[in-house]
Structure formats: C-alpha cells, structure tokens
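J.: My questions will all concern the structure given below.
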Protein chains: 2
Amino acid sequence: MLAEDIRNSGIDVADLNQLKCDLNRLQPVDVGDYITQLPTQQRAIAFRLLNKNQATDVFEYLPPEVQEELINSLHDLQVVQIVETMSPDDRAELFDELPAKVVKRLLQELSPEQRQATATILGYPEGTAGRVMTTEYVRLRQGLTVGAALSKMRLQDRDKESIYYAYVTDDNRKLVSVVSLRQLLFTFPDVLIGDIASDRVVKVRTETPQEEVAHLMQRYDLIALPVVDREERLVGIITIDDVVDILQEEATEDIQKLAGVGDGDEAALSPPLVTIKKRLPWLLGIMFLYIGASSAIAPFQSTIAMVPVLAVIMPLFSNTGGTVGIQALTVTIRGLGVGEVTPKDTLKILRKELMAGMGTALTLGLTMICLSLIWAPPQERWVSLVAGCVMATNTLVAVTLGTLLPMGLKRLKLDPALMSGPLVTTMLDAIGFMIFLTLISTALHIFQLKS
Amino acid sequence: MLAEDIRNSGIDVADLNQLKCDLNRLQPVDVGDYITQLPTQQRAIAFRLLNKNQATDVFEYLPPEVQEELINSLHDLQVVQIVETMSPDDRAELFDELPAKVVKRLLQELSPEQRQATATILGYPEGTAGRVMTTEYVRLRQGLTVGAALSKMRLQDRDKESIYYAYVTDDNRKLVSVVSLRQLLFTFPDVLIGDIASDRVVKVRTETPQEEVAHLMQRYDLIALPVVDREERLVGIITIDDVVDILQEEATEDIQKLAGVGDGDEAALSPPLVTIKKRLPWLLGIMFLYIGASSAIAPFQSTIAMVPVLAVIMPLFSNTGGTVGIQALTVTIRGLGVGEVTPKDTLKILRKELMAGMGTALTLGLTMICLSLIWAPPQERWVSLVAGCVMATNTLVAVTLGTLLPMGLKRLKLDPALMSGPLVTTMLDAIGFMIFLTLISTALHIFQLKS
C-alpha cells in the first residue's frame with residue numbers, strides 16, 4: 001500500500017531512504033511541522049516512514065485536523081499502537097478534538113489501564129488541573145530505602161513522563177511528601193525515603209483552575225506539581241511544559257480580549273471567516289453602544305453649528321481620554337493576569353491611579369488649552385478653557401473606570417478582560433461629550449443673556 | 001546584636017522561637033514575601049533567624065531594594081557566605097542592581113571560581129542568553145561509562161542548579177551531545193555514554209536574544225538549554241524557571257506597549273511617579289501627533305457649521321475605525337511575539353486581513369449608513385451614504401496599517417510593539433477625517449453649483 005501511494009503521489013523513491021533517515025533523526029516537533037506543510041495526500045506516506053517511537057512523539061505535535069486525517073488514513077493497528085503509547089494528557093487532548101464515533105472506537109481498542117487513565121482525565125471540566133494533568137507519575141511508598149526506591153523506578157517507571165520528582169504516599173494513596181530524583185541520587189542507598197522526603201509539598205486539587213496551577217508552578221519554580229482529589233489522594237501530576245503553554249495562551253487571551261477580539265484566541269494566520277467571526281460582533285456591539293455617545297452630541301447640533309471649532313477639539317479630546325483609560329485598564333488587567341494583585345488591592349490601586357491621574361490631568365488639561373487655542377478663532381477662545389477643564393476631569397474619570405471596571409468583574413468571578421479597550425473608550429466618550437457640550441451650551445446661554 | 005535589635009524592635013521574644021521554626025520550614029519564596037512586607041527595621045532580624053541554606057534560598061527571592069538593605073545591615077561574613085552560595089545567574093542579577101562600590105567589595109571577597117563565573121555572565125549584554133544562563137551545569141567527557149558518569153555526578157555535581165541533563169563535551173570543551181539523567185538511570189552501568197547520548201542537541205549562542213531562547217525551550221519542551229560560545233564550546237545552561245519568567249515579562253511588555261505604556265513594564269502597584277513617567281510621555285506625544293488629525297478637520301469648520309450632524313457622526317466613525325485597526329495590530333503583534341509568524345508571512349497575513357476586512361467593511365459601512373440616518377435631518381441624509389462609504393474604506397485602511405506597521409518595524413529589527421494602539425488610531429483618524437470631510441465639502445460644492 002505504501003509503495004502504491006508513493007507511485008501515485010509522484011515522490012521520487014530514490015529520495016525516500018534519505019527522507020526516512022532524516023525524519024527519524026530530527027526533533028519530533030520539527031518533523032511535525034514538516035508533515036503538516038506537506039500536501040494532504042503525502043502526509044500519511046511521510047508519517048509511515050517514522051519508526052515506532054518517533055511516530056508517537058511526532059503525532060503528539062501535529063495539529064488536531066492533521067491528527068484526525070492520519071487516523072483515517074493509517075492502518076487501524078498502527079493508529080491503536082500510537083494512541084496506546086501517547087501520554088494520557090495528550091491522548092485526552094486528542095480525544096477532545098476527534099468526532100465522538102472515532103473516540104468510542106479507539107477507546108475500545110485501548111488497554112484497560114490506558115482507557116481508565118484517559119477516562120479519568122476526560123471526566124474533569126476543561127481548564128482545570130484534572131484536565132491538564134497526566135496520570136503517569138512516580139509514586140513511592142513510605143518506608144522504602146533510597147536504594148529500593150531507585151530500583152523500583154528502574155523497573156517500573158521507565159516510561160513515565162516525568163521522573164524528576166517522586167511522590168510518597170501512605171497506605172490510602174494520600175500524598176504525604178515529595179522527594180526529588182536529585183536527592184535520591186545524592187543519598188546513600190540505605191537511608192529511608194521518609195528521612196529525606198520533604199513534607200512542604202505544593203499541590204493542587206483536581207478542580208483548581210489551570211491559571212492558578214501555572215502561577216503556583218511559576219512562583220515555586222517547580223517542574224512538576226502533584227494533583228490530589230478531595231480525599232487528598234494523589235491522582236496525577238502537571239508538568240512544566242504544559243504550564244508554559246498555558247501561560248502563553250492566557251497572555252494571548254488577555255491581550256486580544258483587551259483589543260476587542262472575541263475569546264482572545266485568534267491566530268495571525270486564522271482563516272478570514274474565523275477572523276470575521278471573532279472581531280465583527282465586537283465591532284457591531286461597540287457601534288450600537290456608541291449610539292449612546294453620539295446621542296450625547298446630537299441634541300447639541302445647534303451649539304456645534306455656532307461654535308464649529310468644537311468639531312476640531314472633540315476628537316482630540318476623545319482620543320486622549322480613551323488612551324488614558326486604556327492605559328489604566330491594561331495595567332490593572334495584566335496585574336490581575338500575572339497574579340500581582342487581587343480585588344483586595346482595588347483601593348490601593350485606585351489611590352495610586354488617582355494620585356498619578358492628578359499630575360496627568362493637570363498636564364493634559366494645560367496642553368489641551370494650548371492646542372485648542374491653535375484652532376479657535378478669537379471670539380471662541382473661551383472654549384479652550386472649558387476643553388482644558390473637561391480634559392482634566394475626563395482623565396480622572398478614565399483612570400477610575402480603567403481600574404474599577406476590571407476589578408469589579410474579577411470580584412464577580414467574571415473574566416476582567418471582558419472589559420475591552422473599545423468598551424471603555426465608548427463609555428468615556430459618552431461621559432466626556434455630555435459634560436463638555438453641556439458646559440459649552442450653558443456658557444453660550446449665559447453669554448447670550450448678558451449681551 | 002540580634003538580642004539588642006529585638007529589644008529595640010518591640011518583637012515578643014517568646015514568639016521568636018516559633019517564628020524561627022516556621023521561617024525555616026516554609027517555602028523560600030513565601031518567606032521572602034513575609035520578610036518584604038515587614039517594617040524595615042524588622043527585616044534583618046527575621047532574616048537572621050534563617051539557617052544557612054534557607055537564608056541563601058530566601059535571599060534569591062527578595063526584591064532588589066530589600067536585598068541591598070540586607071547587605072547593608074547584615075554582618076559582612078554572613079553577606080559573603082550568602083553571595084558565595086547563590087547560583088551565578090541570580091548573583092549576576094543582584095550585582096546588576098547594587099551600587100558599583102558594593103559590587104566591587106563583594107566581588108573581592110568571593111572565591112576565585114565564583115568571581116570568574118559572575119564576571120563571565122556580567123560580560124554579556126542584557127537580554128541575551130549569556131546574561132540569563134548559569135555556569136553551573138553537569139559536563140561529562142566522551143568515553144565515560146554510565147556508571148562512571150553517575151559516580152562523577154554524585155561526587156562533583158551535588159550543588160549544580162540543574163542536573164537533569166548532562167552535556168557531553170570533547171577535549172576542547174566543544175558540545176557534542178546530551179544525555180538525560182533519566183537515560184543514565186535506566187541504562188546498565190557499563191554502557192558507554194557515547195552510545196546513549198543524543199547528538200540532536202538544541203543549543204543557543206551566548207548572544208542569542210532571550211525571547212528566542214524562551215521560544216526554543218517552549219517549542220522543544222526542554223527544561224534546560226545549553227549555551228555555547230562562537231567556538232561551539234559549552235559555557236552555560238539556561239533553566240526553564242528563568243524562561244517562564246522571561247515569557248511572562250515579554251507578554252506583559254507586548255500588552256502594555258500596545259496600550260501606550262512606555263517600556264511596557266509598569267506594575268499595577270508601581271508608585272504614582274513611575275506611572276506618570278511611563279504613561280504621560282505617550283499621552284503628550286499622541287496629543288501632539290493628533291494636531292495632524294485635528295488639522296485635517298480645521299479647514300472644514302464652515303462645512304461642519306453647515307452640516308452639524310457631521311459632529312455626531314465623526315466620533316462614531318473614529319471610534320469604530322480605531323477599533324478595527326487595533327484588532328489587526330494586536331493579532332499581528334501577538335503572532336510575532338509568540339513566534340507564530342515572521343515578517344516573511346506579511347503578504348499571507350495581509351491577504352487574510354483584507355479578505356476578512358472586505359466582509360467587515362461591508363457590514364460596518366451599512367451599519368454606519370443606518371445609524372447616521374438616526375441623527376441626520378432629512379436634507380442631510382445624503383451624508384449617511386458618504387459616511388458609510390468612508391467607513392468601509394477606512395476599515396480596509398485600518399487592517400492594512402494594523403498589519404503592515406508592526407511587520408515593517410520587525411523587518412527593520414525594531415520592536416513591533418512600538419506601534420502602539422493610540423498611534424494607530426491617531427493615524428487612522430487623520431486619514432479618515434481628511435477623506436470624509438473632503439468628500440462632503442466637494443459634494444456640498446457640487447450641490448451649490450447645481451442649485
């Protein structure tokens with residue numbers, strides 16, 4: 001079948017031996033990238049050139065759609081072999097993406113042990129520690145000696161994903177302490193595990209959110225973190241490579257949501273339809289919300305006809321005020337995102353923002369006055385003064401909203417990044433225009449009464 | 001001296017034993033946080049309760065200003081002991097922050113070996129692999145057996161920061177291959193290292209930028225990465241815990257720079273003066289740049305006086321166009337930041353953005369027409385049509401600028417995140433207002449000629 005496929009695909013057979021040699025020598029992730037960029041009909045051929053270990057490793061790095069395609073075009077036996085040797089967390093991720101029918105068939109063909117491991121992981125909700133953990137870890141019983149522990153690991157733990165920490169449990173599988181492979185290696189073989197293991201174990205529950213897992217591992221510089229169930233029984237571990245990916249994803253989400261990209265997970269090379277789906281709803285939402293801001297201006301059309309310099313000043317005013325708000329919003333959201341601050345710090349941050357905001361308000365207000373004098377004809381110079389005062393006020397409103405809105409969402413256990421930048425600028429425009437135009441109209445009215 | 005300090009500080013001596021016990025049992029990073037939040041005069045007291053190992057570990061987690069304070073208030077002997085046992089990369093980071101005089105004194109008191117290690121690291125420019133690496137790694141010579149390698153590690157590598165990979169070098173210290181501790185442990189003692197070590201070594205040069213280091217380690221799921229000099233000689237390794245911090249910092253920088261926060265490293269709890277210093281220059285810069293956009297409006301004041309509904313429509317127009325630009329900008333900058341795309345993909349991204357942009361342009365243009373009909377009096381309804389067309393055009397300009405500007409900066413080897421959101425909205429406003437008002441004025445002119 002391979003030979004026939006190769007004839008049909010037009011690949012030069014003489015090069016195949018060289019290719020096979022290369023593909024088995026390269027890093028799995030690089031081979032994964034190579035296979036992904038091949039035309040569809042050549043992917044399965046290239047994949048079948050891999051030897052057994054390399055095939056499993058490469059498979060884990062392929063994007064879900066290519067994985068599914070390969071599952072459909074490879075021999076069943078080979079598919080089962082690969083899926084059986086995948087690590088349980090990667091397998092769970094794969095099953096998440098595949099059609100239910102395929103998953104059911106594959107589950108039936110797995111060994112009972114691996115089937116159980118996958119079912120356990122898939123039983124936890126997405127985004128929790130239970131879902132990203134692997135069930136392959138090194139467990140030692142209390143009372144073993146260092147030498148016996150090392151022998152046990154040599155015999156039984158050869159294929160475990162991470163062997164750099166071993167977790168010590170009691171007779172009920174309760175997690176008691178942790179010992180590093182380094183400690184085992186540097187201690188005499190007849191010392192008891194209990195004498196060197198540390199009971200300062202940083203651990204999480206299966207239901208702990210994955211961001212919290214990531215922050216804990218970062219804080220304590222861990223390369224693996226044990227996961228326990230409600231009865232404190234060890235059920236899995238989370239490894240640092242998964243956490244690095246989680247941290248990247250979370251940062252991408254924060255940054256994109258702030259910009260008004262739905263879900264915050266658009267890739268630069270997403271297809272156009274995905275791009276439209278993620279961005280357009282926000283844009284339309286913001287346009288409709290902006291009816292509020294525009295309606296704040298509409299009643300003042302006669303004022304604007306009388307003082308047309310307002311149309312020159314208002315956009316400057318709105319652009320600057322919006323930027324002030326987004327700055328405060330971004331610093332607050334990122335502070336929450338990296339775990340620097342919590343809603344408890346709201347008042348502390350607000351105080352700091354307002355103190356800094358006063359300096360900013362003064363400077364921006366004065367600049368506003370100077371700049372608007374450029375465009376105002378002599379009889380409309382008084383407008384500059386009003387613009388400066390409103391600019392200063394709006395600055396203080398902007399930093400307040402930029403701080404309080406995300407903190408409020410976080411306190412309500414919602415995602416603070418839902419408060420996107422465009423939402424804040426829209427609110428600020430509505431408030432700012434309203435104040436500004438009301439003041440100008442009132443002033444005009446008073447002038448008219450006087451004259 | 002400790003006793004006297006305690007009397008002066010008002011701490012209850014009876015509690016001290018309990019405190020000492022707790023502080024030596026807790027995780028170093030937690031003790032670091034505890035000491036940092038103490039009043040200044042109590043910090044040194046608490047720190048002196050730590051035993052030798054814990055003291056070094058805790059010291060590495062303290063913020064620079066507290067480290068400096070402790071160096072000034074502890075006995076010289078204790079300071080030297082701590083600094084001597086710190087890992088070379090943490091020590092280099094500390095020396096970076098301390099006054100030159102203090103560094104010089106401390107360097108003199110270090111052992112020649114540690115002095116050399118620190119000098120090496122400090123010799124590389126900030127932000128490069130050489131500066132974040134540690135010089136403590138496990139090096140094995142080719143030709144050793146597995147058993148001999150493990151014995152060598154037990155004897156000589158007890159204090160190395162990371163022992164989970166051992167690097168095999170030739171007689172000239174050139175990096176040849178890598179072997180994991182897992183492999184050593186799972187292989188018979190009389191096998192030669194050369195037979196199990198892998199020559200697929202992912203490595204970086206001392207001058208490689210730290211972001212690239214982080215991306216490589218993430219891509220290949222490594223927990224340590226070797227650093228070589230120009231002659232391919234092994235000089236250090238970078239460990240995953242440092243890389244996690246680098247990735248977080250880079251993400252924070254991207255997100256904050258996009259929002260117009262200078263340097264992109266403001267903390268939510270930075271003092272107000274720092275906040276002003278980081279944000280105000282951008283705000284003022286943007287206000288002055290905005291003179292361009294406002295000047296695009298100024299000549300049309302008479303037009304606006306004639307068609308005041310323009311003042312209602314223009315802010316809606318500017319807010320929406322700005323959001324479109326920021327969405328494209330953010331997705332592109334993040335794509336560059338996580339290494340998903342490079343400037344080579346510019347055309348691919350632009351094509352996708354324009355394709356999605358056409359759908360968006362059509363929808364937003366139509367929405368614009370409908371919304372502006374709300375405010376336009378009957379004789380000014382034709383303005384809505386112009387507004388819709390300009391909105392659509394501006395959408396396409398926005399996605400183009402949002403893609404090309406950061407890609408251009410990246411191609412010029414500049415930081416793409418310098419192209420902040422407010423900068424893009426300012427440009428878009430200038431372009432949009434100019435087109436819009438020119439069209440309206442021309443139309444007005446034609447109507448007047450006709451009537």
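Glycine residues also receive a Cβ, built from the backbone N, Cα and C atoms like all the rest.
According to TrEMBL, the protein carries these features:
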DOMAIN    B:133-196  domain 'CBS'
DOMAIN    B:197-253  domain 'CBS'
TRANSMEM  B:280-300  transmembrane segment
TRANSMEM  B:306-333  transmembrane segment
TRANSMEM  B:354-376  transmembrane segment
TRANSMEM  B:382-405  transmembrane segment
TRANSMEM  B:426-447  transmembrane segment
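Mind mapping these onto the model and telling me what they sit next to?
T.: Summarised as a single figure, the pLDDT of the domain 'CBS' (B:133-196) averages 89.
Counting residues 6+ beyond its ends, the transmembrane segment (B:280-300) has Cβ neighbours under 8 Å at 260-262, 314, 420, 422-423, 426, 429-430, 433-434, 437, 440-441 in the same chain.
Within its own chain, the transmembrane segment (B:306-333) has Cβ neighbours under 8 Å at 254, 258, 297, 341, 349, 353, 357, 360, 364, 368, 371-372, 375-377, 380, 383-384, 387, 390-391, 394-395, 397-399, 401-403, 405-407, 416-417, 419, 421, 424-425, 428-429, 432-433, 436-437, 440, 444, counting only residues six or more beyond its boundaries.
Through the fold, the transmembrane segment (B:354-376) approaches residues 309, 312-313, 316-317, 320, 324, 383-385, 387-389, 391-393, 395-396, 398-400 of its own chain, all at least 6 residues removed from its boundaries and within a Cβ separation under 8 Å.
Here the transmembrane segment (B:382-405) has long-range neighbours at 307, 309-310, 313, 317, 320-322, 324-330, 332, 346, 349-350, 353-354, 356-358, 360-362, 364-366, 368-370, 372-373, 376, 419, 424, 427-428, 431-432, 435-436, 439-440, 443, meaning same-chain residues at least 6 beyond its ends whose C-beta is under 8 angstroms from one of its own.
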J.: With DSSP, how much of the domain 'CBS' (B:197-253) is helix, how much strand and how much coil, in residues?
T.: 24 helix, 16 strand, 17 coil
J.: Looking only at the domain 'CBS' (B:133-196), how are its residues distributed among DSSP helix, strand and coil?
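T.: With helix first, then strand, then coil, the domain 'CBS' (B:133-196) has 20 helix, 19 strand, 25 coil.
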